[in-house]
Amino acid sequence: MMKVKSASFFKLLLLQCLTVLTFAAQDDSFDFFYFVQQWPASYCDTKRSCCYPTTGKPAEDFSIHGLWPNRDDGSWPSNCNVEDSSFNVFEVLDLITRMQQDWPSFSCPSSNGVRLWTHEWKKHGTCSRLNQHQYFQTVLDFKEKANLLHVLEHAGIFPGGFYSVEFIKDAIKACVGYTPFIECNVDQARNHQLYQVYLCVDKFASNFIECPVFPHGRCGGSPIEFPSFSSSRADS
Ligand code: AMP
């Protein structure tokens, strides 16, 4: 009986040691950030559809998806602080109006954004070495620095049209100074369309940089659609 008890005690001890070692070994290093903006019309016109935020349908503009720490080898850290990763809205009260405008959630059912911000903070923000206020403020400021809709319209690229990926990339590089990565998705009519634009930011979250590595994948069609948001529909 004593033998069985001590065997299970040692098993428990071993398990605890392994858990501690796993946490200690978790690699939260990173080399740069992806700053990802999304074209809401392309999120909404897919098979999955979307729901407008509880604050109403936003104006036609790119929205923020997130600021994601990444490594030069293409891997990335995530969920870096499982113990204290809760999103506290009171820490960003002064930013809420901007967050609602520039970082809305389009998932269903309609939401006020808190679920998306919580997800982004937990998964990516906790690895950023920024505190919560710095993280959200930094992201909002980068959106102002790279006003993509303005940049594209300046180059003659308007919602509702079809354009080559190279033309879109060149237009962004000409204004922002750095080459973006363009991610496409597919609408219900199987058109390949502009979905997300990735720009890279140095690891201090200070400046745009050339991307050390791009995400995998490329847009299937060329030209691709830049769908209009004004004609897009959402579920309630
Ligand atoms: P991430 O884990 O940061 O790569 O984000 C991916 C998750 O964010 C997925 O669950 C997506 O469905 C969700 N997502 C992406 N864009 C939006 C959006 N505009 N509104 C709400 N959820 C989104």
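Quick reminder: no glycine exception, Cβ is built from N, Cα and C everywhere.
These come from TrEMBL:
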- 1-24: signal peptide (SIGNAL)
- H65: active site (ACT_SITE)
- E120: active site (ACT_SITE)
- H124: active site (ACT_SITE)
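In the three-state DSSP scheme, H65 (active site) is classed as strand. Annotated pair H65 (active site) and H124 (active site), C-alpha to C-alpha distance, rounded: 11 Å. According to its DSSP assignment, H124 (active site) is coil. Between the listed active-site residues, namely H65, H124, the fewest other CB atoms within 10 angstroms of a CB are found at H65. Cβ contacts within 10 Å of E120 (active site), excluding its own Cβ and spanning all protein chains shown: 22.
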